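Swiss-Prot has this to say about the protein:
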DOMAIN    29-312  domain 'ABC transmembrane type-1'
TRANSMEM  30-50  transmembrane segment
TRANSMEM  66-86  transmembrane segment
TRANSMEM  162-184  transmembrane segment
TRANSMEM  256-276  transmembrane segment
DOMAIN    346-580  domain 'ABC transporter'
BINDING   Gly379, Pro380, Ser381, Gly382, Ala383, Gly384, Lys385, Ser386  ATP binding site
Amino acid sequence: MLQKFISKSNQSLLMRLLAENFKHQAPWYGIAIGSMVVVAVMTSASAWIMRDVVNSTVVSKDIEKVFGVAVTVAIIFAVKGLATYVQSIFLSKAGNNIIAHTQRRLFEHVLRQGLSFYSIYPSSELLVRLTNNAQAVRSVIELVVTSFIRDLFSLMGLLAVMVIQQPLLSLVSAAVGPGAILGVRVLTRKVRKIMELEIASIGQIIQSVQETSTGIRIVKAFALEDFMRRRMDKYIGDVERRANSIARLEAASSPIMETLSGFAIAGVIALSGVLVLQQGNTPGELMSFITALLLAYEPAKRLARMRISLESALVGVRMMYQLADHPIELTEKNSAIPLPEGPGEIRFKDVNFSYKNGERLFQNLNVTFPAGKTTALVGPSGAGKSSIINLIMRLYDPDVGSVTVDGHDLKDVTFRSLRDRIGFVGQDTFLFSGTIKYNISLGREGASDEEIIEAAKTANAHDFIMKMPHGYDTEVGENGIKLSGGQKQRITIARAMLRNAEILIFDEATSALDSESEIQIRQALARLTRKRTTIMIAHRLSTVTAADNIVVMEGGQVAEQGPQGRLLSQDGVYRRLYELQLLPSA
């Protein structure tokens with residue numbers, strides 16, 4: 001019967017939603033539904049007893065019966081009030097549990113995704129789907145429970161009172177039904193289309209706020225305030241217009257229902273007068289019927305509007321499932337084992353690799369990163385340096401071939417054990433909102449304060465930290481906005497120090513720093529890389545002179561490799577890059 005209230009395209013969506021969520025909250029919904037049945041029965045009883053109220057006071061004028069009826073009315077409304085309270089409490093409990101469950105499930109799914117996923121879903125869209133769309137799940141289920149079960153029970157009970165007492169009047173009242181159904185169906189289709197556009201506009205607002213916040217220096221430097229203001233004004237205006245359109249469409253059901261109900265009530269009053277005056281019906285029966293009819297109006301109106309509200313909320317549910325059903329590209333084998341301890345030799349063997357656009361980057365790539373040695377990756381942009389790092393960290397899998405650590409294929413080991421063996425410092429330093437101590441401690445869970453301080457000292461970060469207002473408890477702001485570039489970089493190095501990993505990866509760790517900061521960070525890196533397998537991506541060749549081995553990438557292939565002295569003695573790619581960067585121009 002519920003399927004009659006929604007479009008065919010949404011029926012399977014609703015059934016899936018109920019199957020996945022309703023059963024987990026069955027005890028709470030069971031109590032709530034039981035309370036709704038009590039409310040429906042008491043509502044019907046309040047209409048039924050109006051017959052005795054009128055007949056005992058107007059017809060029989062029996063004072064004892066009047067007092068008895070008064071006590072019964074008080075009991076009816078007390079029971080109804082208590083049942084309504086219980087219903088509200090357990091509906092809220094179940095609804096809040098559903099939101100929490102949905103958000104945890106979506107966030108876990110997002111965490112398991114590979115990097116390509118984030119090019120499809122920008123952060124603003126993820127925020128909408130984790131908040132608004134999770135709320136939509138609760139809204140749909142509560143609509144089903146309250147508007148369908150509660151209102152349907154109440155309507156059925158009141159209709160029973162009406163039919164038992166006055167079948168003919170009940171038939172007159174039902175004559176308005178087809179008109180109401182047709183009007184609501186037209187409104188529903190319009191609401192669904194506008195709701196999809198409104199949700200997209202909300203995502204644009206969130207994205208604009210994020211971009212303005214994270215790029216505030218660029219906004220100020222290029223005097224983009226007016227541009228950002230105009231863009232935000234457009235997005236807000238779009239949401240406002242669409243919200244107003246939805247409000248108008250939803251409100252349009254009220255005049256439809258009010259007008260049709262007015263005709264029904266007018267017809268009932270006219271016909272009931274004839275029945276009382278000419279056929280001897282008691283005034284109590286008439287009053288009871290009209291009371292039931294008036295009480296039935298509200299649940300009938302809510303049921304009529306339910307389709308509009310349900311279709312609107314299901315737009316958010318559909319978007320939530322689009323995210324929840326997005327396939328996970330990188331998965332861990334059931335037979336995956338923890339990566340055993342070892343020296344940390346990394347080997348690429350006959351690796352073919354391409355990104356989603358289909359253009360092949362590596363073709364039969366073979367390269368080895370010796371254990372305990374520092375290897376520099378150099379070459380022009382687009383040569384594949386960062387892609388090698390992505391494969392080592394298993395952010396992607398090769399199409400063909402294998403990447404191994406100490407002879408273990410990365411596909412055969414667990415994600416956690418692999419990444420626990422790797423310390424990473426990137427060019428684009430990222431700090432989480434929180435304190436300096438918190439950001440360093442992310443390098444290793446459970447690290448003591450002494451270990452955190454020692455890591456900071458090794459990274460040449462301790463001195464500047466102690467000059468901060470609250471030392472290690474100083475808040476860094478969103479993405480470390482309160483710190484300089486060099487300070488942020490040294491904190492990320494301290495984080496890698498604390499990890500104490502056998503494999504270290506540095507992706508242009510000093511490229512954007514001033515000379516003093518670069519010297520301090522180079523000193524920190526020299527201490528950190530001792531006796532560890534280290535891979536350094538560098539565009540500035542001055543940073544790789546001390547590397548044990550230099551791998552020169554060009555066009556997705558290893559063009560040449562060896563220590564710097566040997567590469568400079570050859571007339572190759574490295575020598576050409578070296579002369580361009582480090583030798584004075586003629």
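Here the Cβ of each residue, glycine as well, is placed from N, Cα and C on the backbone.
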Segment-level pLDDT (mean, integer) for the domain 'ABC transporter' (346-580): 87
Chain-internal residues near Pro380 (ATP binding site), provided their CB is under 8 angstroms and they sit 6+ positions away: Glu554, Leu577
Coarse DSSP state, helix versus strand versus coil, of Ser386 (ATP binding site): helix
Cβ neighbours of Ser386 (ATP binding site) where a neighbour is any other Cβ within 10 Å: 16
Beyond the flanks of the transmembrane segment (66-86) by at least 6 residues, Cβ under 8 Å: 31-32, 35-36, 38-39, 42-43, 45-46, 49, 52-53, 56-57
Gly382 (ATP binding site) CB neighbourhood, other CB atoms within 10 A: 13
Packing count at Ala383 (ATP binding site) (other Cβ atoms within 10 Å of its Cβ): 21
CB within-chain contacts under 8 A for Ser381 (ATP binding site), separation at least 6: His539
Sequence-distant neighbours of Gly379 (ATP binding site) in its chain (C-beta under 8 A, six or more apart): Lys385, Val552, Met553, Glu554, Ala559, Val573, Leu577
List of residues, in chain order, with Cβ under 8 A from that of Gly384 (ATP binding site) and at least 6 apart: Leu361, Phe362, Leu365, Met553, Gly555, Gly556, Gln557
Other C-beta atoms that fall within 10 angstroms of the C-beta of Lys385 (ATP binding site): 24
Other same-chain residues whose Cβ falls within 8 Å of the Cβ centroid of Gly379, Pro380, Ser381, Gly382, Ala383, Gly384, Lys385, Ser386, the recorded ATP site, in sequence order: Met553, Glu554
